[in-house]
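The following features are taken from TrEMBL:
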| type | residues | note |
| --- | --- | --- |
| DOMAIN | 5-206 | domain 'CWH43-like N-terminal' |
| TRANSMEM | 12-33 | transmembrane segment |
| TRANSMEM | 89-107 | transmembrane segment |
| TRANSMEM | 119-139 | transmembrane segment |
| TRANSMEM | 151-172 | transmembrane segment |
| TRANSMEM | 184-202 | transmembrane segment |
Amino acid sequence: MWGYLSLLPAFLAFWATAGIWTVFSLAVANKAVNLTEGFPYISRCGNSPPQSCIFSQVLNLGAALAAWTCILRYQQLRDWGVGKWPNQLILWTGLLCALGTSIVGNFQEKNQRATHLTGAFFAFFVGIFYFWLQLLLFWRVKSLPQPGAPWIGPLRLVLCSICTILTVAMVVLHTWSLRSASAACEWVVAMLLFTLFGLFAVDFSGLDGCTLCLQPGPGSPSPPPASPIALKVQL
C-alpha cells in the first residue's frame, strides 16, 4: 500500500509536464512563437503575457514541490543511515535545482537574460548532478534499501545518462546555431528530469507520514514537561 507522501513527486511530475506544455500551446495559439521558423526553447514560449504569467506560476509551484521532495528525500536517506556530509551535499544540490527553476520562471529571458541563464544552469545542470549523486551513493553503499521493482535503478541510470548526453548536445547545437535541434533537446531533458522526480513516488511509497521536530538551541530554555505546546507536529 502506497502512502500519501508518494503523491508529492507524482503530482510534481504531472504539474510541471502539463504546465509547460500548456504554456507552449498558448504561445503557439497567440502567435508568440512561429513553428514554421523553428521549434522554440521552453523559455521563449514563456516570454510574453499571458503565457508568461502561467509560466511563472507553473515553475514557482514546481520549484516548491521539488524543494519539499528534496527535503523528504534528505530525511529518508538520513533515516537509512547515510552520512551527514554526502546527504547534505545531495540536499543542497536539489535545493539549488529548485531555486534555479523558480529563477527561470520569474526572470524572463528577454528581460533578464543573464539571471535567466543562471537559473537555467541550476535547473538543468545542477538538477542532473543531483540525480547522479544519488546513483553514486546507491552504487557505493549496497546496503541501502531500494524500494520498487528491480528495474527502477537501471531506469534511473538510463534516464540520467540520456539527460547528460542531451544536455551536452543542447549546448553544442546552440553554439552551432542549430536552434531547433537544441530546443528539442531542452524539451526532452526537461521531460526526463520531471520523470526522475516523479520516480521518487516509488521511494516514498513506504512512508506513512513525516514529523517536524523543533530542537532548542544551546542555552535555550527547555519547555516544561506538561507544556500544552508539542514540539512534534505530524504532517
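Positions of Cβ are set from backbone N, Cα and C atoms, glycine also.
Predicted automatically and left uncurated, TrEMBL annotations should be read as such.
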Taking residues 6+ outside the transmembrane segment (89-107), which of them lie with a CB under 8 Å of any CB in it?
43, 46, 55-60, 62-64, 66-67, 69-71, 73-74, 77, 115-116, 118-124, 126-127, 129-130, 133-134, 137
List, by number or range, the same-chain residues at least 6 past the transmembrane segment (12-33) whose CB is under 8 A from its CB atoms?
40, 42, 44-48, 50-51, 54-55, 57-59, 61-62, 65-66, 69, 190-191, 194-195, 197-198
Quick test of the contact rule: Cβ under 8 Å, at least six residues beyond the ends. What residues does that give for the transmembrane segment (119-139)?
43, 70, 73, 77, 82, 86, 89-90, 93-94, 96-97, 99-104, 107, 146, 153, 156-157, 159-160, 163-164, 167, 186, 189-190, 193, 196
Do any residues, 6 or more residues outside the transmembrane segment (151-172), come within under 8 Å Cβ-to-Cβ of it, and if so which ones?
124-125, 128, 131-132, 134-135, 138, 181-182, 185-186, 188-189, 192-193, 195-196, 199, 202
For the domain 'CWH43-like N-terminal' (5-206), report the average pLDDT of the model, please.
94
